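TrEMBL lists 1-102 with the feature domain 'HPt'. Look at TrEMBL and you will find His45 tagged as phosphohistidine. For 233-277, the entry in TrEMBL reads region 'Disordered'. The domain 'Histidine kinase' annotation in TrEMBL covers 287-527. Summarising the annotation, TrEMBL assigns domain 'CheW-like' to 529-663, 685-815. The feature domain 'Response regulatory' is assigned by TrEMBL to 830-943. Per TrEMBL, the feature 4-aspartylphosphate maps to Asp879.
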Amino acid sequence: MDEELLAEFLTESNENLSSIEEELLKLEADPGNAETLGAIFRVIHTVKGNCGFLGLQGLEKVAHAGENLLGKIRSKGYHVDGDMVSLLLENSDAIKTLIAGLEENGVEPVLDFSDLCVRLSAAERLIDLDGAASSEQQEAASDQLDSVAAEDVSDALAWLEGLSENAQALLAGAGFSTPESVLDAGFEQLRNIDGLKPAEALKILGLAKSRKISKEKTAEPESIVEVQETVELQEQAESEPEPPQPVPEKSEPEEVTAPVAVQREQEKPVKATRKPSAESSIRVDVALLDELMNQVGELVLSRNRLLRLVGQSEQSDLVRTCRNISQTTTLLQEKLLHTRMQPISTLWSTVPRLLRDIGKQLGKKINVKMDGQETELDRTILAAMKDPMTHIIRNSCDHGIELPALRQQKGKSEEGTISLSARQESGFIMIDIHDDGGGIPADKIRNKAVSMHVITEEQASKMSDKAALQLIFHAGLSTAEQVSNLSGRGVGMDVVRSEIEGVGGTVEIDSELGSGTTLHIRIPLTLAIIPALIVSSSEQHFAIPQMMVQELISIVPASDDWEYVAGRSFYRLRGRLLPIQFLSDALGLQASDGEKCTVVVINVGEHQFGIGVDGILGAEEIVVKPLGLHFQHLDLYGGCSILGDGMVVPILDCVGLTKELRQGHDAEIIKADREDVTAAASEDSQYILVFSLGDKWYAIPMALVERIEEILPDSIEASGRREVLQYRDQVIPVLRLAELLDVEPIEQGEIEPCLIIADQGRRLCIQVDEIVDIVQQKLEIHLDSSEDCFLGTAVIDGRSTEVIDIFEVIKKAIPNWFNSSGDRRKRQQRILYVEDAIFYRNLVLPALEGLGCEILLARNGLEAQEILSHHKPDLILTDLEMPEVNGFELAEWVRTQPAIASLPVVSLSSLEPSDIGARSELFQACVKKFEREVLLDELTRLLGRKPRDKGVAKAVIDAEVVNHDAIAGGGE
């Protein structure tokens, strides 16, 4: 067998079969759709034809049986039912199984599908017996399909030349248009055709056998003709269909006309989306892409080494050349990483079929809703997520969704729903899997955990419902009264968590009795090349993935903010207890006796933890290398890498490092403490960055700051009339805030602190005198400012502080900054923004203007209703808590107005989206205030625009910041 032809066959067949399940389910929902039926027929026909050419007899037999049934359905205009679709799905499964075996071993597997072929033939006979119904359905078939069939029926039956026209018509009406179908049917089935004489049936069988013998003797096998026919059909689907042309006569007309005419008789030409031409796209072996990725990884390591060596050079030409190499390497890396990205829809494509099969097995009605199918992530992570996702969905169907009768008793619809959503957020993919079933009883989990000695009765009594739900991931813990073969919620959920954590992700569960259960999965975009923080502990170096890092704090060991509970170390950070895991203790290293320690604050799911280290050495892009077999059982490490200086460093697995903290008493201690803190704190509290210019304090919301950096004064260069900084392979403008605000700056030393502000994929650097602190409190403006660059004055840590309107500052310094980033369209899109607080309006408006939209403003829901009676925006963005008419009432009112009922409505509040509850269904998206990047991403998506090109979208304090003792609540 020609290996090149086989590879082409496998690639084409897999591509064609990838959508057949979806098409069959569409056919089940709309049995009369001739276009869908035609698409399914073409896929099976193409596979069968190619099998004949390659001599794959077993696969050809299975595909041929399916093709015959599909042909009968088309010719009879038969409306399929659920059982018929199940049989066709079984046929496609058999074809996929044979192709998978062929792909794995290079030879066709020997599998017996004779029973399936018999049932497919029986289904054909069933359609024949259902003559009356078929006639009625055939009358309702497509007019165009009938006209094409009428045009070409004579050509289709050219091999029956010499037979009466009446006999040919009867044969075509019974679906026996080819010699193969006649021979498969046999004399007994032919003689049962109403109106066909036994003598004519015998004659037809003779013509069919003669045709077969003739073809076996010819130089051109039938399979080649069928392949030619397939190519013609593909070309026809990729271009505008033309009226059928008469098939020109050849020396042996029976060799060509029959297959082409049969296809034209049975199918209506389908106008398809034009695929990329051969010049614009090619197929590349995945192994080659993996090898390219490995080589780019080596290039990144060499680049890092080169940058370190050249960094101390005084040769400007060499430095410039090195910088160009670095930029080119980064661009190559980004482009190649993009080739590894695949939409999550490739993972979700099997879900509708899975739900259909499970629903039939359990006697339940289940549908699926998907949002964010276009979200992309690395294909290796995608492959690793397949089994966990399948297990979670099976659990949701088996133990979550109730039986139809029980759902009706509860006032629910008979049909349950599994909702899948995905979105990108700060370098991670956030996946939510929700079922609207009965929910999980937390008390039942507590009792089960106590009976299994997982926790004590005392711990169970103090444990919150949310914490109790997480016990579902403990090995062997299940609340199911009866564990089925299909699934067992709790049985295997520990494996689900292990597999998700194996790719650097986290999973948590929420449930509400009567309303359903949601699993929140957080996984990284890619694991190939990642930015990392290089830290030291006991004179050894380690790497921490930067996407896990929230901030860095420098702490004096003698600080009063240290607390010790049950032998554990906690640090009170901005009023909240932060559990600290010293790296030296976790790894069994000798602790250092320094005067200060640095704590890396990391996010693991919804929790924050601190990792105590001796120092921060810097930040670097690293290539993730797997650990050897002897080390892979260690859950403290996620891999290793080589730094620019040639040193090999282990990469810390933050999830594994904090596992003991998350599973121990620490979580309950933190919960109790945070409940006390939250009760006293306002729900509108936020992180505020405080800095100084001269002798005055100024503040901006931390959500607007991407990074805090320290730069050398001579790294700032002049470009025309503006100062610029080369930052992360970009040239960004530098704004000296003291000059813009007419403040006398203090004299700077060897380094200058600056704030990196990110907006719409671009960055700029704002130079300040000193970083004072990061505080968490409600930002209340006590005195509005008449100056454009200030929002007003607030009291922060007992001191009057000017709150800067950073976007007005940017407008003043760079007037065309926002205009250049706007999305210019033929018609400017409109956003209705409903907000009663002036402070939030001033904070959010510049971001909305940056999208290039026209903004309509309303102070409450009542004003919004008045505006909506005269104007129709493209999107509504609303606060929830407002006078007159609040955000919930506004959204409910919008849904009752036919003219605007379909408008997307986005809520913007201080509440977590999960805290809004069932009323979140009123909104297309729920965004928390101060999450500016999340808001812009959601608005961009709902406005139908391309995803924004942006860098890291969360506030991370970089390594150099730790030199400031007072940052983030540290210091003496």
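Using N, Cα and C of the backbone, Cβ positions are placed for all residues, glycine too.
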Suppose we draw a 10 Å sphere around the Cβ of Asp879 (4-aspartylphosphate). How many other Cβ atoms does it contain, all chains included?
24
Based on DSSP, tally up the residues of the domain 'Response regulatory' (830-943) by helix, strand and coil.
49 helix, 23 strand, 42 coil
As a test: from 287-527, 529-663, 685-815, pick the stretch that has the greatest number of Cβ pairs under 8 Å with the domain 'Response regulatory' (830-943).
685-815
All chains considered, the count of other Cβ atoms within 10 Å of the Cβ of the residue listed as 'phosphohistidine' is 25
Do the domain 'CheW-like' (529-663) and the domain 'HPt' (1-102) share at least 3 Cβ pairs under 8 Å, sequence separation 6 or more?
no
Going by DSSP, how much of the domain 'CheW-like' (529-663) is helix, how much is strand and how much is coil, in residues?
20 helix, 75 strand, 40 coil
Using Cα coordinates, what distance in whole Å links His45 (phosphohistidine) and the residue listed as '4-aspartylphosphate'?
56
Summary of DSSP states over the domain 'CheW-like' (685-815), given as helix, strand and coil counts
18 helix, 77 strand, 36 coil
Any idea what DSSP makes of His45 (phosphohistidine), helix, strand or coil?
helix
Over the span of the domain 'HPt' (1-102), count residues by DSSP class, listing helix, strand and coil in order.
87 helix, 0 strand, 15 coil
